[in-house]
């Protein structure tokens, strides 16, 4: 017993020493960590195994906390190994397979549509090619731009201004339409009498200026085009004016309401200094102020109450004015420097009927002609019409739409000149459809009227009748059918652009050639 006791004693004591040693080790750690057990005279803990359990629990609780030394949480440390294995597997897969199912960018099935770089390249190439042509023109002909020569295009005699006088006389027709509508409003003349007076007035609007241009030798072709253009616009405006007032009388008769007179464009001042234009009812619109506002407004369709902008934006107005002056000078310079020499050099191939050289002259003229047409479009439909609209606080600024995206010929003619399109739709096309006329025949009739005015504005000032503009406009009817039937998408858009680029210089060369033959004694 004693032996066994003696044998157990040292073993037990040795175990206790080991445990107590581990406890002392724990005590040593605590002391190293700044514990104050021994400083305070306290005894070390009697159960060191519990300290180990606390240490493990603290380690587990800090599993989601960031390690102060490494900056990595315990969960991230546990997840690093599978992620590393996954990334390694993905890296191996990427090495093994480098192809996927996909289309080429230039294929329509790819769905790719960002061709901005190609568009920029086209612009750069266009600028460089035209710069070469312009430099060649300067080297060959020198500087041909002469602002004084532009004045001679409008005036032969500085003391005689036939175009300006003709435009001033147009006020007679404006006042005749206004006074006729006033008599119709109060019932002093019948509807049939008013219709006859309007027909006489509108017919005189076309006959009187054309007869004046043809008879006056002092009228230049450019002055004739300007004056006839003003009278053509007045014709369309006054036609819309009498049509709209007739509709108002029909509505009045249908409703049988009492009429109240009101001023045409009265304004009520607001606290912010702007003006709100009150609505006008028929026949309160039959005033001089209302009439002349419509005459100068950038629209061909009359209505009693136009949308009005709240104020005049001075910066916007000055920008449009600067654009008008700049592009006008640019147009004159390009015509004198680029168009005139090319047209003069084209006369001899046309007289000799040299077909190859005629085609070469035509293609050479197509570039400056198309560039001048684009600049004219921006100058007239954007700069000039926005300037007038801003000055008159005219609210409807939709003078054009995205005609450059036209995939059909009819879409182009319906969107490049919105004021004319609205007039044709409101006063000509829809009334024909209401009368039961076929849609295709109505469209053909619209092109026929447009062809008449195109020829009217060219042949009368040039004092010759060759019908090139008329035939060019009527050729749009079969072209519209062909493009709409057989060409779609980009092919249709390309066909529209080709008709614009090639068709216009053909008509220009035809008229210039005939004018040269008539006035300079050339022979074909």
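Cβ coordinates are placed from backbone N, Cα and C, and glycine is handled just like the others.
Fair warning: this is a prediction, and the values are worked out from it, not measured in the lab.
Taken from TrEMBL, the feature region 'Disordered' applies to 1-86. Taken from TrEMBL, the feature compositional bias 'Polar residues' covers 59-82. The transmembrane segment feature in TrEMBL is assigned to 118-139, 159-180, 192-216, 222-239, 321-340, 371-392, 436-453, 465-483, 495-513. Marked as active site by TrEMBL: 454.
Residues 130, 293, 296-298, 309, 312-313, 316-317, 320-321, 323-324, 327-328, 330-331, 334-335, 338-339, 399-400, 416-417, 500, 504 of the same chain, all 6+ positions outside the transmembrane segment (371-392), place their C-beta atoms under 8 angstroms from a C-beta of that stretch. All protein chains considered, the CB of residue 454 (active site) has 17 other CB atoms within 10 Å.
For the transmembrane segment (436-453), the list of distant contacts is 232, 410, 413, 420, 424, 428-429, 469-474, 476-477: same-chain residues at least six beyond its ends, Cβ to Cβ under 8 Å.
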